[in-house]
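These features come from Swiss-Prot:
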type: ACT_SITE; residues: D36; note: active site, proton acceptor
type: ACT_SITE; residues: D179; note: active site, proton donor
type: BINDING; residues: S9, H70, G146, F147, P148, G149, D179, G180, G181, G201, S202; note: substrate binding site
type: BINDING; residues: H34, D36, H70, D179; note: divalent metal cation binding site
Amino acid sequence: MKKFLLSSSVLSANFSRLGEDIFDVLKSGSDMIHYDVMDNHYVKNLTFGPIVLESLRSVEKIKSMVIDVHLMTCPVDDLIIKFAKLDVNIISFHPESTNNVEKTIKLIKSYGCKVGLALNPLTPLCVLDNVLDKIDLILLMSVNPGFPGQKFIPSILNKIRIVRELIDKSKKNILLEVDGGINLSNIFKIASFGTDIFVIGSAIFNSINYDLTIRSFRDVLKNINCKK
């Protein structure tokens, strides 16, 4: 049975009670926390930095959470070091944000973190050609990065299918993560095209009952496994 993972994006959380929101979604069954870092240069928004995460890591009831960091910054290397020192689990970056993709991959690995390469909707898949054997995760953006609450771009489904085929053909243990506009109406289709990790923000944090919402996502994904 395929294991699907839910990564709750705190970009959609209530910032006035961020620690409590994170605790609540983890308690409700989220597998990890997706931590979007934006610098108002690479994308036109400004979000969290390492200081906020360091503070969250000090909260006893959530300090062991799995952290999936998505860097939408330029440059990235200095921030990679700061986040890696906070014992994050995954660090994903965009190939356009560095002068040397392979060097940045090595930097992340040198700190013992898993490496993700993040691709915007218009980023060509040829950027994967020389690094597929060096990364642990491919993060496909299914919205234009920068702001929460956007609608899923339908054409990304074909991109998911192609990347899934590339991963399977490589026979590498690479996870495929999709981020943007995922909800209860479209997660079945997104999963059926080969996604492993679903970054979900508004659909969880804007819901009244995290337990019920996350359970509903799990129920849909169970149906995928039943049909295989």
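Cβ coordinates are placed from backbone N, Cα and C, and glycine is handled just like the others.
Note that the structure is a prediction, hence the values are computed from the model and not measured.
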Three-class DSSP secondary structure - P148 (substrate binding site): coil
Cβ packing number for G181 (substrate binding site), 10 Å threshold: 23
Residue with minimal Cβ packing [other Cβ atoms within 10 Å] among the binding-site residues S9, S202: S202
Environment of H34, D36, H70, D179, the listed divalent metal cation site - residues of the same chain whose CB lies within 8 A of the CB centroid: S7, S9, L11, Y35, D68, V69, S92, L139, V199
For D179 (active site, proton donor), the number of other Cβ atoms found within 10 Å of its own Cβ: 25
Mapped DSSP class for H70 (divalent metal cation binding site), helix or strand or coil: strand
Cα proximity to H34 (divalent metal cation binding site), best match among recorded positions S9, G146, D179, G181: S9
Within 10 angstroms of H70 (divalent metal cation binding site), Cα basis - recorded positions out of D36, G146, P148, S202: D36
Spatial neighbours of D179 (active site, proton donor), counting only the binding-site residues S9, G146, S202 and Cα distances within 10 Å: S9
